[in-house]
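**Q** Below is the structure I would like to discuss, written out as structure tokens.
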Amino acid sequence: MSTRDTVTVRVPAKVNVQLAVGAARPDGFHDLANVFLAVSLYDEVTVTRADALTVTCSGPDAAQVPLDRTNLAARAAELLAARHGLSPDVHIHIAKDIPVAGGMAGGSADGAGALLACDALWGLGSSREELLEICAELGSDVPFSLIGGAALGTGRGEVLTPVEAGTFHWVFAVADGGLSTPAVFREFDRLTAATAVPAPQADPALLAALRSGDPDALAATLANDLQPAALSLRPQLADTLAAGTGAGALAALVSGSGPTTAFLVRDEETAAKVAAALTASTTCRTTRTTTSPAPGATVLAR
Ligand SMILES: C[C@](O)(CO)[C@H](O)COP(=O)(O)OP(=O)(O)OC[C@H]1O[C@@H](n2ccc(N)nc2=O)[C@H](O)[C@@H]1O
Ligand SMILES: Nc1ncnc2c1ncn2[C@@H]1O[C@H](COP(=O)(O)OP(=O)(O)OP(=O)(O)O)[C@@H](O)[C@H]1O
């Protein structure tokens with residue numbers, strides 16, 4: 001067993017540079033061709049030995065984070081402990097920087113982070129495959145939060161194939177209030193009810209653009225099938241998208257299920273300009289500038 005009493009793991013947010021969505025499956029999920037990119041915006045999850053499983057959270061969005069057993073970090077600790085016949089008695093603290101219910105996989109990041117942190121705290125040495133299996137049980141986005149970088153997700157997004165990616169610069173506009181992921185998928189179903197939804201396919205031109213690190217090529221291929229659904233539920237997001245492209249972003253899209261919007265920019269200077277214009281437009285709550293790809297869940301040496 002490990003002799004450490006506390007372990008901190010840093011976990012990145014994500015943006016989906018391609019999100020191709022198929023028809024609803026009998027189990028209610030949708031098959032995806034989901035090209036994930038981890039960005040340099042992180043939560044930190046600290047686990048400490050304790051007498052009971054408890055969760056606390058700090059950061060500007062902390063009040064919106066559940067502190068009971070529905071928190072994905074608590075569920076991760078419980079699943080890992082149950083597999084090994086251990087009690088999940090840890091205090092989990094989440095230092096939250098990823099917007100809550102923003103389409104950037106914040107809860108998923110905390111699930112993956114708590115899993116890796118508990119594995120280290122309890123000295124289990126689980127293989128990556130074992131951890132990925134638990135991640136998939138926790139949610140469709142959780143496996144990617146563990147591996148980070150860039151990857152194609154198929155199935156409901158949990159079957160991952162890492163892909164190569166050069167460096168890109170992004171600005172994110174964080175909206176007031178969140179959007180529920182199931183509600184956005186339901187709206188997708190409503191909007192596509194009269195059409196034959198094709199099987200989702202990864203776009204080879206987008207994968208080549210990612211590899212090349214050419215922002216113009218990536219800008220021309222960004223695509224999110226959930227964007228019409230997110231815009232239908234939150235029409236004001238169109239104003240945010242227009243404010244960012246008007247200020248010099250190469251392309252703009254809704255991040256995953258939204259309502260965070262993502263702006264691909266050429267370089268750091270343009271990022272600062274676009275972020276300032278978005279703030280001045282008053283069409284968002286706050287902005288964040290990031291780069292990609294970012295590493296996956298990482299134990300911090302402390
Ligand atoms: C929109 C994305 O963030 C893109 O990466 C993900 O597809 C959502 O992943 P997530 O938040 O981890 O979602 P889960 O916790 O697995 O599922 C929440 C709900 O979203 C819907 N859902 C999710 C993933 C998927 N492939 N099809 C779906 O229809 C289902 O209604 C599901 O009940
Ligand atoms: N650790 C957590 N942090 C934030 N929300 C959590 C957490 N655990 C559970 N939740 C619940 O999950 C809901 C969605 O939050 P989250 O921040 O993961 O959304 P999201 O970023 O849109 O997710 P995704 O991009 O994976 O669809 C929250 O409203 C909250 O009720």
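Placed from the backbone N, Cα and C atoms, the Cβ positions cover glycine too.
The model shown is predicted, which means the values in this text are computed figures rather than measured ones.
According to TrEMBL:
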ACT_SITE  LYS14  active site
ACT_SITE  ASP141  active site
BINDING   PRO99, VAL100, ALA101, GLY102, GLY103, MET104, ALA105, GLY106, GLY107, SER108, ALA109  ATP binding site
DOMAIN    71-149  domain 'GHMP kinase N-terminal'
DOMAIN    206-280  domain 'GHMP kinase C-terminal'
**Q** Per DSSP, how many helix, strand and coil residues does the domain 'GHMP kinase C-terminal' (206-280) have?
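**A** Summed over the domain 'GHMP kinase C-terminal' (206-280), the classes give 44 helix, 11 strand, 20 coil.
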**Q** From the Cα of LYS14 (active site) across to the Cα of PRO99 (ATP binding site), what is the distance in angstrom?
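**A** So the Cα of LYS14 (active site) lies 11 Å away from that of PRO99 (ATP binding site).
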**Q** Sequence gap of 6 or more, C-beta under 8 Å: which same-chain residues meet both conditions with respect to LYS14 (active site)?
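**A** Counting only residues 6 or more apart in sequence, the Cβ neighbours of LYS14 (active site) under 8 Å are PHE36, LEU37, ALA38, VAL39, MET104, ALA105, ASP141, PHE144, SER145, GLY256.
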**Q** Specify all same-chain residues, apart from the site residues PRO99, VAL100, ALA101, GLY102, GLY103, MET104, ALA105, GLY106, GLY107, SER108, ALA109, whose Cβ lies within 8 angstroms of the center of the Cβ atoms of the ATP site, ordered by sequence.
**A** ALA13, ILE98
**Q** Determine the recorded positions, out of PRO99, GLY103, ASP141, lying near ligand 2 in the sense that the CB is under 6 Å from one of its atoms, and give them in sequence order.
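**A** The qualifying recorded positions are GLY103, ASP141.
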**Q** Taking ALA105, ALA109 as the binding-site residues to compare, which has the smallest set of other Cβ atoms within 10 Å?
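**A** Relative to the other binding-site residues in ALA105, ALA109, ALA105 has the fewest Cβ atoms within 10 Å.
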**Q** What are the DSSP helix/strand/coil residue counts across the domain 'GHMP kinase N-terminal' (71-149)?
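**A** Within the domain 'GHMP kinase N-terminal' (71-149) the tally stands at 45 helix, 7 strand, 27 coil.
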**Q** Those recorded positions, LYS14, PRO99, GLY107, ALA109, ASP141: which ones have a Cβ sitting under 6 Å from ligand 1?
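**A** What lies within reach of ligand 1, judged by Cβ under 6 Å, is ASP141.
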